[in-house]
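Shown next, in structure tokens, is the structure this report addresses.
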């Protein structure tokens, strides 16, 4: 395998300094300290305490955890790599989250809290009845967690450590998994959220330092556009334009038919996929469900949205600068050159961020950036482990063992994390053999093929009282068949390298995966609507407090029994959140317009 045979070609010759080792040691010590502190203060001896932090979490750790959970090492490496390869447009994946995060807190969370659920499949069972949809969603979420989220973060983190330090791939990955699992098992969601808050601070500080040094290398932001346009490798493929940076690299909105990230797909298709991730995926929603009241959930979403503005300047633009500074490595197009630079023939854009770290960061700060990547990896993995444990315990094990007590459920929840560790370690050889240039595309393709049907049943379930179990199930099945067919075709007919004729079937060649997400969403909605109208309507208990139109009115101010706030104080903070949300959207629109 290319990744194995050339792995030593790009291992750094320099050794870690004592200062670097001290910085990394301090980082791990802080993690252990925060983990022990939060584990000791957390109520982890009940199901609600372990899986939902006792529903007593404040807004600031929720917001930090929402951000940290979504910014794993896969996004650090992937966003910088996509920026190096194609420019700014990939920032849309981050900025689109603003509107969906607000929808989570203002629309979805009131429904979820009023329904008194622990997992999202549990809500679907209450809303539609029956067990088959809940089981399907739980299994689907577990599969997506293991084979997309964990795999991408592990690969990207291991790639970074290998390039920067030359550490053994297996040893560093297993050590990271062990540390992550230790404090996740010990303290539950509260520990995960508080350590995520620490990771967020470390990630932002380290990324800011590297971004400032990168911009200084090229003379500031004003020089980026001209410098990026000239970032051409010395060796190119004759009679092709593969080596040329995109002409629309500095623009967010790209042509619907010829753009690599068409504006239609980034506006509508991405919103469908983002709604699944931010509003219906257990990993994310679990943080908002832990809020002490709805106002804290709203404030957490607002904080996370502001933080999601940062990756443009902290990851994507530094990735573009990396191509400017190292065009022969980051921008390589000749397979033999790419093999030399990073061990992958298809391209080396994914080494953009670690390359910057190794070339620009001095002794000490290099250790800080290694800690940053470890922070990104740990925060993402802890989130996935805790949420996957919750899904299996509450949606699968409790159905197999209805008489299971709280002690048994807590034990099973901890054992599931151990099993996930084993599966993750077993997946490492597959990751090493995978093409590093395709990981980010692989993740998005899988999401576009499997997520839209889930988004559809949640949207219709919340906003359409007539939707029932028959319609939801057959809508899901129709979406699964069509989405799985697309996935199979993508694996059978991979996208050809630049410079080769595209002979893939027309549905793959002509239909962008973001546009496919739109079509799949509409298909699922149509089948679900038809199935619901052709079968009996849902019972009253399946819509009471379970749809937007049947929600109890006291949830409009974020009331929660026992939160210790007067109605006047709740109303005041609700208005503060509303004003902040409007201001946030104005800031987001300004940035979109500026980089349009």
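Residue numbering: from 1, along the chain as shown.
Backbone N, Cα and C atoms are what each Cβ position is placed from, and that goes for glycine too.
Some features that Swiss-Prot has for this protein:
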{"type": "CARBOHYD", "residues": "4", "note": "N-linked glycosylation site"}
{"type": "CARBOHYD", "residues": "96", "note": "N-linked glycosylation site"}
{"type": "MOD_RES", "residues": "48", "note": "phosphoserine"}
{"type": "MOD_RES", "residues": "141", "note": "phosphoserine"}
{"type": "MOD_RES", "residues": "145", "note": "phosphoserine"}
{"type": "MOD_RES", "residues": "148", "note": "phosphothreonine"}
{"type": "TOPO_DOM", "residues": "1-15", "note": "topological domain 'Extracellular'"}
{"type": "TOPO_DOM", "residues": "94-99", "note": "topological domain 'Extracellular'"}
{"type": "TOPO_DOM", "residues": "222-264", "note": "topological domain 'Extracellular'"}
{"type": "TOPO_DOM", "residues": "322-355", "note": "topological domain 'Extracellular'"}
{"type": "TOPO_DOM", "residues": "431-443", "note": "topological domain 'Extracellular'"}
{"type": "TOPO_DOM", "residues": "493-513", "note": "topological domain 'Extracellular'"}
{"type": "TRANSMEM", "residues": "16-36", "note": "transmembrane segment"}
{"type": "TRANSMEM", "residues": "73-93", "note": "transmembrane segment"}
{"type": "TRANSMEM", "residues": "100-120", "note": "transmembrane segment"}
{"type": "TRANSMEM", "residues": "150-170", "note": "transmembrane segment"}
{"type": "TRANSMEM", "residues": "174-194", "note": "transmembrane segment"}
{"type": "TRANSMEM", "residues": "265-285", "note": "transmembrane segment"}
{"type": "TRANSMEM", "residues": "301-321", "note": "transmembrane segment"}
{"type": "TRANSMEM", "residues": "410-430", "note": "transmembrane segment"}
{"type": "TRANSMEM", "residues": "444-464", "note": "transmembrane segment"}
{"type": "TRANSMEM", "residues": "472-492", "note": "transmembrane segment"}
{"type": "TRANSMEM", "residues": "514-534", "note": "transmembrane segment"}
{"type": "TRANSMEM", "residues": "576-596", "note": "transmembrane segment"}
The residue listed as 'phosphothreonine' CB neighbourhood, other CB atoms within 10 A: 20
Under 8 Å between C-beta atoms and at least six residues away from its ends: which parts of the chain pack against the transmembrane segment (100-120)? 47-48, 51-52, 66, 126-127, 137-138, 141, 271, 274-275, 277-282, 284-285, 288-289, 291, 294, 297-298, 300-302, 304-305, 308, 390-391, 394-395, 458, 462, 545-548, 551-552, 555-556, 558, 560, 581, 584-585
Helix, strand and coil counts within the topological domain 'Extracellular' (94-99) (DSSP): 5 helix, 0 strand, 1 coil
Cα-to-Cα gap, residue 141 (phosphoserine) vs residue 96 (N-linked glycosylation site), nearest whole Å: 22
Going along the chain, which residues six or more apart from residue 96 (N-linked glycosylation site) have their CB under 8 A from its CB? 266, 270, 271, 274
Contact yes or no, the transmembrane segment (514-534) and the transmembrane segment (301-321), 3+ Cβ pairs under 8 Å, gap 6+: no
Do the transmembrane segment (301-321) and the transmembrane segment (73-93) come together with 3 or more C-beta pairs under 8 Å, pairs six or more apart in sequence? yes
With pairs fewer than 6 apart in sequence excluded, do the transmembrane segment (73-93) and the transmembrane segment (150-170) have three or more C-beta pairs that lie under 8 Å? yes
Using Cβ atoms and a strict cutoff of less than 8 Å, what residues sit near the topological domain 'Extracellular' (222-264) while being 6 or more residues removed from its termini? 86-92, 215, 317, 320-321, 323-324, 327-328, 331-334, 337, 498-499, 512, 514-515, 592, 595-596
If we skip the immediate neighbours and take only residues 6+ beyond the ends of the topological domain 'Extracellular' (94-99), which ones have a Cβ under 8 Å from one of its Cβ atoms? 70, 79, 266, 270-271, 274, 278, 304-305, 308-309, 311-312, 584-585, 588, 591-592
Confidence summary for the topological domain 'Extracellular' (322-355), mean pLDDT rounded: 86
What is the Cβ neighbour count of residue 141 (phosphoserine) at a 10 Å cut-off, with all protein chains included? 23
